[in-house]
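Below: one structure, written as structure tokens.
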Amino acid sequence: MQIYNSLSRRKELFTPAVPGKVNMYVCGITAYDLCHIGHARSAVVFDVLVRYLRHTGLDVTFARNFTDVDDKIIKRANEEGLTSQQVAEKYIDTFYEDMDRLNVLRADIEPKATGHILEMIALCEKLIAKGKAYATPSGDVYFRVRSFPEYGKLSGRDIDDMRSGARVAPGEEKEDPLDFALWKSAKPGEPSWTSPWGEGRPGWHIECSAMSEKHMPLPLDIHGGGQDLIFPHHENEIAQTEAALDKPFVRYWMHNGFVQVDAEKMSKSLGNFKTIRDILEGYLPEVLRFFLLTKHYRSPIDFTFDSMDEAEKSLKRIYEALSLARTERGRSKWSATPLPADVTAEFDTLDRAFDEALEDDLNTAAALGHVFGTIRLVNRLLEDKNLRKSAETLALLERLDGLVAKWMKVLGVFGREPEAFLSDLKECRIRRKGIDTTKVDALLEERKSVRAAKDFARADAIRDELAALGIEVRDTPSGAVWDVL
């Protein structure tokens, strides 16, 4: 598999340090608020990576942490009249609920920062002993950025350029404006722990270094997160870990792209902040997951309701095809009509292309393209009145079951019973569009009556009236059925 390594800024052949085993760490949430669509993207991207690596036979140990002590958590605790621990527990619970709805697998290891205070203190002590960090009279501990010559190697930033715009804030006791906090002295009303430098709490960056070192052998095979974490968080992780341990921290760095909303940066100040729960009020969770896979993970993705509608339509087409394929397989008689020679070859090619897309830096967008190619091929066979009855078509439909199982295993979508998904989708669209089903049923009943009376003009007028409400009517041998456009 080729992976784009943010450190080398190029694709590299992925080879685990220990053949057959992968140690992977992804930065998790700071537990102070509901998860937004940016969190969803990172979670889904690395969930698919774990799924695919396991699909290829690798033994993956996946860790994703929780930051449960932080300035933002303390602020939220004061706002809500809770302790910091209560706030963190509350939002860790909502994180799990959201991830379960998005079919994101649980990590194998889910460390919390507050459970690793001793490891963080020990790491600080190592850095101080090596002259890479220093304690201040007030009990803060800072990392000496200039003591690490490779600082900036991940983000590509020049240390002198960073120095030109840096300032020491009033009250800080930094030797250099570039230095960052490893340990913060206690402030009134904040959670704190006993340390050699007095009561205090860890800085954000030291948390991931301590947790990853405790639970996994270093260097990590893969460390992931959003592009917003490259600097300063991941840059600082590298500096403090490699300075303390004198060995590489991570072999492959992976970062997913930003999520925009209507082509603008998502922010509360712009009023375009979208939590996962906001979105799932109007869409099925599988639609959101599918949408997040329609772009390459390193590319930015623009969330709009139009793009969600398109993702919903695409997913619906796939499930409709799977439903039709299942119905056709119930046929009792099959013919000996041969399929065109290229059909089976095309089916095989599309299957291989799906895997090849994911081998190429986890290109889910291209992989979904091959899923659609497979669905179009199946539809083409089922729309042909002769080929749909062929025993060779039955063989391909049986193979389709295996492909769908693989798509579900790797991408985490297409795993529901088609009829159940389509029924839930219809109900979801009815709620989202505020459709009055009583009115729809009454119009359909009237249409049935006027058709029986051969008043086709009125029947057509009712169809148009329903279409204006966003309702599509199809006449079948067993009667009219309707769906939401």
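Glycine too: its Cβ is placed from the backbone N, Cα and C atoms.
As given in Swiss-Prot:
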type    : residues                      : note
BINDING : Cys27, Cys208, His233, Glu237 : Zn(2+) binding site
BINDING : Lys268                        : ATP binding site
MOTIF   : 29-39                         : motif ''HIGH' region'
MOTIF   : 265-269                       : motif ''KMSKS' region'
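Swiss-Prot feature annotations superimposed on the structure.
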| residue | record | CB count, 10 Å |
| --- | --- | --- |
| Cys27 | Zn(2+) binding site | 22 |
| Cys208 | Zn(2+) binding site | 28 |
| His233 | Zn(2+) binding site | 18 |
| Glu237 | Zn(2+) binding site | 26 |
| Lys268 | ATP binding site | 9 |
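It is 22 Å from the Cα atom of Cys27 (Zn(2+) binding site) to that of the residue listed as 'ATP binding site'. Cβ atoms within 8 Å of the centroid of the Cβ atoms of Cys27, Cys208, His233, Glu237 (the Zn(2+) site) belong to the same-chain residues Trp204, His205, Glu207, Ser209, His223, Gly225, Leu229, His234, Asn236, site residues excluded. Closest to the residue listed as 'ATP binding site' in space, going by CA atoms and restricting to the binding-site residues Cys208, His233, Glu237, is His233. Under the three-state DSSP scheme, Cys208 (Zn(2+) binding site) falls in the helix class.
In the predicted model, the motif ''HIGH' region' (29-39) shows an average pLDDT of 97. A helical conformation is recorded for His233 (Zn(2+) binding site) in the three-state DSSP classification. Sorting each residue of the motif ''KMSKS' region' (265-269) by its DSSP state yields 0 helix, 1 strand, 4 coil.
DSSP assigns Cys27 (Zn(2+) binding site) to coil, not to a helix or a strand.
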